[in-house]
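See below for the structure under consideration.
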Amino acid sequence: MTFRNCVAVDLGASSGRVMLARYERECRSLTLREIYRFNNGLHSQNGYVTWDVDSLESAIRLGLNKVCEEGIRIDSIGIDTWGVDFVLLDLQGKRVGLPVAYRDSRTNGLMTQAQQQLGKRDIYQRSGIQFLPFNTLYQLRALTEQQPELIPHIAHALLMPDYFSYRLTGKMNWEYTNATTTQLVNINSDDWDESLLAWSGANKAWFGRPTHPGNVIGHWICPQGNEIPVVAVASHDTASAVIASPLNGSRAAYLSSGTWSLMGFESQTPFTNDTALAANITNEGGAEGRYRVLKNIMGLWLLQRVLQERQINDLPALIAATQALPACRFTINPNDDRFINPDEMCSEIQAACRETAQPIPESDAELARCIVDSLALLYADVLHELAQLRGEDFSQLHIVGGGCQNALLNQLCADACGIRVIAGPVEASTLGNIGIQLMTLDELNNVDDFRQVVSTTANLTTFTPNPDSEIAHYVAQIHSTRQTKELCA
């Protein structure tokens, strides 16, 4: 038997993990084992919301060392993280300034300023990326405007996964899928857009040309002295998750469900027309030159904050209590900027309901019900927008990532969207990370080949839409009202 041992470092906004994958060539089987899991979260430092990158690096090294201590020969390592955030370095490779997190308020008002000065359509035609107030474009503008004293010291700007790869290897890389999330990469050239960089105040010399997934960045020397290749995987965690989504045919959509929910479809070409711009659709880079045509949705961040504020530890009990409540008594727009990082999420949700003359969710279960109903309704709206954009309905929706373990939300999504939902795999980002490593090691031919492996090894659960559910009737009523308004317009 021929085995490959690949290690995926998968960092999310709330946790990180070091996972060992064992691939058996002859039977094309893939097994995952968690080596080390650790917390991640936002910190307050000198008036900014930041990441503790030193703690994250220590946790990564600890996890890798644990694998080596077991006597396992590692064939390769890959790192994926969330998008848009970066670390600045000087000529000696030392950090400049703080690793500020995207939920910091320093970018307030800058997206509007960019649209006024550069033109919203021009920015979109150049980047093809969704307008989000925390995109790297606006973060760099905030930095160069608010902390100009740092500029003379900056030699390099590395996105988060590239920074951690650099810390392991001493080699710098700018991986393409994550680079596209910045709103600074030109969609036609796949290189940094000079006009957008100029507006941000950043120097193009801070960046190297983006590289597509599948190259070896450098090597990490383990405690035993072995040199282990560090592969540039699809380093944006959603790009990795999509690789591991067992999409079956062109009519399949995906939803990467976690702190963020990202819903979209794969395409060989980007969508940058006026319809896409009006819907605020993003065209992020994917593996093998594909585009991830998708839309960002605030996701389970809202529920995570409620759990934290109410000190709820028994999530299954909360979900059971939530399921017993009637649907759609309280609904909000999860994508409202007010929910990005409020002081108190529970109070913010209640205020939003109060302002729209709805009942106020008071109990833990009522707050959770408000969130899951609102997410399912937004999923239905976004799926409809995506279908209109491409001119064809979807036949099924694949929900992947940690959020796919929420059976209530999966069923609500199926009912609201009126579409079959297939949930799994849970560890989609990790698996997609491993998939690129196996392709780099010449064990697999391409993404479609890897998806066949995932389909046969992952635990998948199907949710069939119930047209008689409360939320399905609610959606039908909304659509009927919209059509009436359109006829009367």
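FYI, residue positions are counted from 1 along the chain as it appears here.
Glycine too: its Cβ is placed from the backbone N, Cα and C atoms.
Features as listed in Swiss-Prot:
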- A13, S14, S15, G16, R17, T259, Q304, G402: ATP binding site (BINDING)
- C68-C222: disulfide bond (DISULFID)
- G83, H236, D237, T238, N296: substrate binding site (BINDING)
- D237: active site, proton acceptor (ACT_SITE)
- C353-C370: disulfide bond (DISULFID)
- C413-C417: disulfide bond (DISULFID)
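The Cβ of D237 (substrate binding site) lies under 8 Å from the Cβ of D10, L11, G12, D80, T81, W82, G83, S256, S429, each of these being in the same chain and 6 or more residues away along the sequence. Separating the Cα atoms of S15 (ATP binding site) and C370 (disulfide bond) is a whole-number distance of 25 Å.
When Cα-Cα distances from T238 (substrate binding site) are compared across the recorded positions S14, C68, C222, C353, C370, the shortest belongs to S14.
Here C68 (disulfide bond) is compared against the recorded positions A13, S14, R17, C370, C417, and the shortest C-alpha distance is to R17.
As a whole number, the greatest separation of Cα atoms within the ATP-binding residue list A13, S14, S15, G16, R17, T259, Q304, G402 is 18 Å. Non-local contacts of N296 (substrate binding site) by the CB criterion (under 8 A, 6+ apart in sequence, same chain) comprise Q130, L132, W260, S261, L262, T282, N335.
Excluding the listed site residues G83, H236, D237, T238, N296, the same chain places W82, N178, T181, A239, S256, W260, L262, E284 with Cβ atoms within 8 Å of the centre of the substrate site Cβ atoms. DSSP assigns C417 (disulfide bond) to a helix in the three-state reduction.
Of all Cα pairs drawn from G83, H236, D237, T238, N296, which the record names as binding substrate, the longest spans 14 Å. Taking a C-beta cut-off of under 8 angstroms and a sequence separation of 6 or more, G16 (ATP binding site) has the following same-chain neighbours: V9, D10, R37, F38, N39, N40, L56, A59, I60.
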